[in-house]
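In what follows, a single structure is set out as structure tokens and then discussed.
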Amino acid sequence: MIGWLGAAYDWVKAAHLIFVIFWMAGLFMLPRYLVYHQEALAAGSDAEARTWIDREGKLRRIILTPAMIAVWALGLALAVNIGLLDGAGGLGWLHLKLLIVFLLSGYHGWMVGYARKLAAGRPTLSGKRLRLLNEVPAFATIAIVILVIVKPGA
Ligand code: HEM
């Protein structure tokens, strides 16, 4: 399967990066929305809390979910092209990247779950902890970009 994308490889990589940008933009926005949503709940402002529920739903449906699916599909196509399934050597960076992206996808699901808790008026995290969790996508981005560009150990 190595090289199965042929001349399309660079186009698939470009599409991968376009959707990576959309996905990460959404992952930077959603937790920030949740902080404001939680503050609106604490202030007892029902109308504002409903506005955040609407914004979070749109962000999820229009950006987050479609972008994550596209990033995974295109990224796996690239990974197969460079030998992920053929036992090709020097892919330690890719295995580590896959682990981080897997954890990031879990974070995505967890944040969507937390949005549902807030929609039901049941916050379970302190504002401080929620703000700290906002930084997770930034650290994941730093690690992933270093892995794909520097390819340590390749
Ligand atoms: C969802 C699962 C993902 C898979 C399976 C995947 C896999 C891949 C593969 C195999 C490549 C090609 C590397 C090369 O040609 O040397 C690539 C490129 C790239 N990926 Fe991903 N990726 C995923 C998600 C992400 C995420 C979340 C980010 C950023 C936060 C990201 C950033 C990049 C970048 C910057 C490149 C371009 C590297 C270059 O210049 O060649 N990827 N990805």
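Backbone N, Cα and C define each Cβ position, glycine as well.
Some features that TrEMBL has for this protein:
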{"type": "BINDING", "residues": "His16, Lys97", "note": "heme binding site"}
{"type": "TRANSMEM", "residues": "14-35", "note": "transmembrane segment"}
{"type": "TRANSMEM", "residues": "62-85", "note": "transmembrane segment"}
{"type": "TRANSMEM", "residues": "91-111", "note": "transmembrane segment"}
{"type": "TRANSMEM", "residues": "132-150", "note": "transmembrane segment"}
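A Cβ distance under 8 Å defines the sequence-distant neighbours of the transmembrane segment (62-85), meaning residues of its chain 6+ beyond its ends; these are 1-5, 9, 12-13, 15-16, 19-20, 22-23, 25-27, 30, 91, 94, 98, 101, 105, 108, 112. Same-chain neighbours of the transmembrane segment (91-111): 27, 30-31, 34, 64, 68, 71-72, 75, 79, 82-84, 133, 136-137, 140, 143-144, 147-148, 150-154, counting only residues six or more beyond its ends whose CB sits under 8 Å from a CB of the stretch.
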